[in-house]
Amino acid sequence: EKPQSGEVTEGGNITFVAKVSATSLLKKPTVKWFKGKWMDLASKSGKHLQLKESFDRNTKTHTFEMHIIAAKANFAGGYRCEVSSKDKFDSCNFDLAVSTEPDLDVWDILRHAPASSYEKIAFQYGITDLRGMLKRLKKMKKEEKKSEAFLKKLDPAYQVTKGHKIKLAIEVANPDVEVKWRKNGQDIQPTGRYIFESVGNMRYLTINHCSLADDAAYCCVVGEEKCTTELFVKEPPVLIVKNLEDQMVMNGERVELECEVSEEGANVKWEKDGVELTRDESFKYRFKKDGCKHFLIINEASKEDCGHYKVKTNGGESMAELMVQEKQLEVYQSIADLTVKAKDQAVFKCEVSDENVRGTWFKNGVEVQPNARINITHIGRNHKLTIDEVKPEDEGDYTFVPDGYAFNLSAKLNFLEVKIDFVPRQDPPKIHLDCLGRTAESTIIVVAGNKLRLDVPITGDPAPTVVWTKAEKCAEEYVGDKNGRCGDGRVHVETTKGHCIFTIEGAERQDEGVYSVVVRNPAGEDTADINVKVVDVPDPPQAPRILSMGEDSCVVQWDPPAFDGGHPIIGYVVERKKTRSYRWMRLNFDPYPDTTYEAKRMIEGVQYEMRVYAVNSIGMSRHSPASQPFVPVAPTSQPIGLCVDDLSDTSISLKWRPPERIGSSELMGYGVEYCKEGSDEWIPAMEGLTDKTSIKIRDLTTGEKLQFRVRAYNMAGPSSPTCLTQPVTIREIMQRPKILIPRHLRQTIIKRVGETVNLMIPFQGKPRPIVTWSKDGEPLNPSSVNVRNSEVDTILFIRKTDRQHSGKYELKVQIENVEDTGCVNLQIVDLPSPPEALKIADIWGFNVALEWKPPKDNGNCEITGYTIQKAEKKTMEWFTVYEQYRRANCIASDLIMGNEYVFRVFSANLVGLSLEACNTKDSAFIQKKGIEYKPPSYKDPDFAEAPKFTHPLVNRSVIAGYSATLSCSVRGIPKPKVTWYKNKMDISNEVKYRMLSKQGVLTLEIRKPCPFDGGVYMCKAVNESGEDIVECKLEVRRECPSG
């Protein structure tokens, strides 16, 4: 329901009401009231303006009211009401007119009054200058000149929506005349936007694609005459076509929030957590427009920028969440263990993702200080520790710790001491390893993708040959070529003096196993097994499952990945996104240890998807497949008012009311269940769900004690149940029979012959009572009257009524020995028969007396009157003398002398006039007779009236030397004689005074009075009927000398 235009008297109150249906809305709508184009009335609430709202849960209707209290004249004008909810928007315009109490205009009263009343009106409203009043009235009574050029002018104002077209029309008197159209006083030239049309007397101006520039005053000129109007261009609301999307960025990164609106160049407002954003001094926020797209840019995001950002237009708003996460430092190249000889150079080198990160080098937990031999460098992302001329004391564990991050990179520096031993020439080969065997402590672990390097010290003379084999590959031998490569090129075997080195570039999962090294020379051989374990990030988990949903949350579950990468799973990372978005948002930053996670802070009614990463000590897996799309909704509240509506031996009827809160998801239906007393097994009362709020459950066992409950279902599942307060025993309850005769059937029912009678009378009673109808104590005839009975009512039906159907119909309902009765009176009426024995009782002058008897058949209802008609015997044209005449005799008057008349009478009742009339057997002749005229005598009226002053003299004070007048008015018939007195002395013959009398207005003019002329003046009026006097005081003051 839209607010309607209204009018209020100044100082009065008025209320405008807007109603919004909430059946298709996900959340409460927002309503704004405006005056004019942009004045928001929310900030004007106070003494004269109050805004109220309410919600009806039964009809699901929001009511918004605007109360204007003690209206003022400046409150008048155009108003607008806008309602919005997410992507839905509507608005309407209405007007308020404030009228003032009309002031009495004495000139308007005089203009419409007769001339004889001028004197009375003048004195009533204090007009003393009657001559000037008459002159002004003469000018006012000149008729205004009517427009000769225009037959129909423009309306005072027009309104059009921006982008639409409007057509202005006038009608001129001369079809051949030329007209000019002007805009703000300037002539309009016909173009593609402005089109002139001339059709007969009509002239049209069409404006296409109206813009804000067309909001102006327009004028149509015909010769010397013109008519004007004002055009208001209304801007349509700017809608948000593409909403903002949630974003998660790293600290220091650039953020760009983007939205798209429906109109190019529209103004938008950006807010963060409810506070409007502006271009501050630091230029942290930048606002950018590109056609319909609007951008909010944050150059370097920080933790303080986390929050909810909102973009607003006059037609809607959109909100997104920005989350800023601290950067995670990635290691592109870690430092590796080194084995160097004396006097050699040792270089530890690593590469990280951030070139601005600095770090510290430690040796065995002690910070390394640079000196002449030790050099520390930092170039871009590379950090390097260089040790020249390595000494035995340089051996140890070296660690690089990035500043501000809780991890480190470690490697070991092994010092290879060169010893010269004199050994026999035949020295059997020997493998010097500490990690022999297959125990966990002796296993070498390598990360998939990294280099696997097995450096085995060996001795023997002569230099032994080395053969590497892998047990899982059926003793596959790795023998290097001249460059040391073998197999697919990833494996590299190298033998140097005192060492044999086995290298695999980019270790893979299949490279895991037991590697055997065999060294042989003529003096013998030696064998060693090395257990290698390749660890990797885990496989991605399977697609997650949504277990349950709430109003703004959901519970998601997934299965662990099939392969954990060789290291235990330490947790999972969960992400979500809106289905229509492309940006995933991380929900947890630390690995979550369980496989069930509750996601919160979601928007009800928006469709989401979820995915999961598995995390072990090596890293994070690829993401799982996305879950099935889902919408977070909460179950409805429980149904209310569950009660028993009806009960029988084998069935029960239940009814309830819908839940108070349904939520954003549609209500799918209701489920009804019951269980036996003492049992916990709930049995569905029907298959599926029902849309109705009532149900009848049949085929129950008589005497069983059952408990019933009902639950509401939506997308989120069932609500909490509503149960009956106590179990119900399935047994019909005896109810006394009672007839409920409707109010309109308690009076006599009158029907015309041939009409249909259909009487439905409800009754109560359990079990089903026996229904019996009778008429006047006799059973009904089934051939003429039909009766149909149900469990709650009975119907008496007569297809075509006849007079014999009239009578008293009795109804009896009986259960065993208990009964109740009722009756209905039916009266069938028809047209009456004509009256009887119509005769002419007497004839005198121009009158004829008629008499008749009532009809034999009154049609089964009271005779309401008679219709008497007359006709001249020559023409036999009938004319009605009386209608609805109640008596059985009448006098027909005003008959024409010399004519002969016949008469007839119809009888009438509720149905109508009788079909036939009763005619007089004889005719009546009106004879001619002489008539003597006696003029009436009248008594002459007496209009005599004693004199009476209708307006008295008024005390005055005048200046000497200036003429003065004293005025009064008198009334009397015949015209009274008027005499003026000064200090009780007659001054009629004094030259100094001038007496005037016109239409009862008496004026005494004193020419250039002096102080001697002051005193008491009296006016006396005398006629035959009496006399009257009136007096006043006159004070004559001397003129004050100037200076």
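Positions of Cβ are set from backbone N, Cα and C atoms, glycine also.
In TrEMBL, annotation is done automatically, which means it is predicted and not curated.
TrEMBL has this to say about the protein:
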DOMAIN    148-222  domain 'Ig-like'
DOMAIN    236-356  domain 'Ig-like'
DOMAIN    429-531  domain 'Ig-like'
DOMAIN    540-639  domain 'Fibronectin type-III'
DOMAIN    640-733  domain 'Fibronectin type-III'
DOMAIN    737-825  domain 'Ig-like'
DOMAIN    834-936  domain 'Fibronectin type-III'
DOMAIN    941-1035  domain 'Ig-like'
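Counting Cβ pairs closer than 8 Å to the domain 'Fibronectin type-III' (540-639), the top stretch among 148-222, 236-356, 737-825, 941-1035 is 236-356. In terms of DSSP secondary structure, the domain 'Ig-like' (148-222) contains 3 helix, 39 strand, 33 coil.
Across the domain 'Fibronectin type-III' (540-639), DSSP helix (H, G, I), strand (E, B) and coil residues number 0 helix, 37 strand, 63 coil. Broken down by DSSP into helix, strand and coil, the domain 'Ig-like' (737-825) contains 6 helix, 52 strand, 31 coil. Secondary structure counts, DSSP: the domain 'Fibronectin type-III' (640-733) has 0 helix, 45 strand, 49 coil.
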